[in-house]
Amino acid sequence: MKSLYSATSNEAAKNANVSQAEFEKRYQESIENPDEFWGREGKRIDWFKPYTKVKNTSFKRGEVSIKWFEDGELNVAYNCIDRHLAKSANKVAYYCEGDKESDEKVAITYQTLHDEVGRLANLLKRQGVKKGDRVAIYMPMIPQAVYAMLACARIGAIHSVIFGGFSAHAIADRLNDCEVKLVITADEGRRAGNTIPLKHNVDMALDNNACPTVENVIVYRYTEKDVPWFEGRDLDWAVEVENESTECPAERMNAEDPLFILYTSGSTGKPKGVVHTTGGYLVYASLTHELVFDLKPDDVYWCAADVGWITGHSYMVYGPLANGTTSILFEGVPTYPDSGRIGRVVDKFDVTILYTAPTAIRALMAKGDEATRSSKRDSLRVLGSVGEPINPEAWSWYYSEIGNSSCPIVDTWWQTETGGMMMTPRIVQGDVKPGSCTGPLYGVQPALVDAQGVLQEEQGVLVEGGLVITDSWPGQARTVYGDHERFEQTYFSTFDGMYFTGDGASRDADGHYWITGRMDDVLNVSGHRLGTAEIESALVAHPSVAEAAIVGFPHDIKGQGIYVYVSAIAGVIPDEELTKSLKLFVRQEIGPIATPDLIQWTSKGLPKTRSGKIMRRILRKIAANEHDQLGDTSTLADPSVVDDLIENRLNV
């Protein structure tokens, strides 16, 4: 595909920190001599005890072990706050933009960040939270969410941030899996003019001692909603920290001590608690944030992600703060009160870098010039995309309308498990192709394999396959909490000696990579990964459902929508009310983000092989309205089931 613009003639590229030639030289070194390359890059952050070992990793089946800088000691909160204070105490760390445009403009300096984190860290210690204890954070997109993460990091507690859209049931699952000692939440959150009952959801999750390891709940009174209070368990944030000191010593952490657990959907139904550790993660988040966005000291950077997802962790909190950046913390959504909001926020704070998801871009694009007519956006110099592949139409609109045809787009590919960006075009490349994540960053060795694990190494032609990474990088997840066997089984058992991403991809004749979608049973809805098994488990728990199967289908706004095939139990006649009830049931069990878009009731059941396996490939084709491309159906136990599904399909 011909590029839409030549990045090398772009103003941002002319002033780039790292030229393309220099990048290629450093990349080669990172592959050929990783110890020397990362040994040097590791010094971008401060260490209490310098490391002498750099890379000690194995992808060998049954022996998977990932260690970086393993004898070094440091503290993440110290690196994100304290080391900046001598020169930048009064620099703004976050400009906070509330859900309502009329909300007061709030600026949080690095000194304020230090003081608030110190107070909360001391409160956590007073409540008996120690190094290695797990703390869950279920908060709105407000500064206190960041304070909570950094307070945990300061004392060596392991935080697990739970997305504010998850239900009580989903919260309880996560609290129990990692045996959380303390929960930090707020009375309510705000989103698009509505309130989110955060404290209520936590109370429901803890009801009847459902999470026995939880001892206390710290509640930030944000909206001042009158919420139920459990004496002896619940603590008022503001009251409790009032007399705490702003000084809290930073715990010395080994580079391989866990920093956080973040749950990501798996194909088995039970969410995986992905563990990221301290040293390698911070080095990688800091480096990739600076490199990809070509960071300058006076940039105002806006990552429009939620703190409950990995993008919020790496590129709204840890990467930017480690680099001493000024960021935007946005509570709202891009389309509230109208689709011009995102541009007005850019103008209000003179944002120079915008990092958002294709879902948001498509939602704005659908509104036409409403998204751009109330703003100029002339402060922008770099645009970024994250969460899912961006289709060329949305890419072109983002470039021409939001970026005024003057900003390079870094279309990044990475995952919760990778910790940071892995592949992206660079702003100094001249042959940018809309929709392509192009090529790897330092230390990343991508490859394509066929079903037998044979590397597809042919160059100069289009090749397709499963996307694997053939060697380790510092930001890589180390394990699944409490289940290293699952970690190995999920990521390293499919192809021995390689990390399997679960994504399919192609590499074109120019060597550029294109992500084609998930190869496992995980959906990517609005840039958020949802396990089909988890949703299916919720559906079959409904008293009227006998069997259910979930697939994704192309959705103009979300990228992928959720298409549900359901069989009712005997005696139940499906109708519109039951369909509504089922959608509500899923919302309550998992959260609004998992709400099905389309529910098709099946009168003849689901298509299965003679061995009883559901043929999801067929369900995907029908949901995508590609029923004329079903392929081989010879193993179907009852072909008439497929005819019935096609005749009654909903996505027409």
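Using the three backbone atoms N, Cα and C, a Cβ is placed for every residue, glycine included.
From the candidate list ASP369, ASP431, ASP496, ASP503, the residue Swiss-Prot records in the ATP site shared with GLY387, GLU388, PRO389, ASP411, THR412, TRP413, TRP414, GLN415, THR416, ARG518, ARG529 is ASP503. A helical conformation is recorded for THR416 (ATP binding site) in the three-state DSSP classification. The Cα atom of THR311 (CoA binding site) lies nearest to that of TRP414, taking the binding-site residues PRO389, TRP414, VAL540, VAL545 as the candidates. The binding-site residues listed here are ASN194, THR412, SER526; among them, THR412 has the most other Cβ atoms within 10 Å of its own Cβ.
Ranking the binding-site residues GLY193, HIS542, VAL545 by Cα distance from TRP414 (ATP binding site) puts GLY193 first. Spacing of ARG191 (CoA binding site) relative to PRO389 (ATP binding site) is 26 Å (Cα to Cα, whole number). Overall, the recorded ATP-binding residues GLY387, GLU388, PRO389, ASP411, THR412, TRP413, TRP414, GLN415, THR416, ASP503, ARG518, ARG529 cover a maximum inter-Cα distance of 18 Å.
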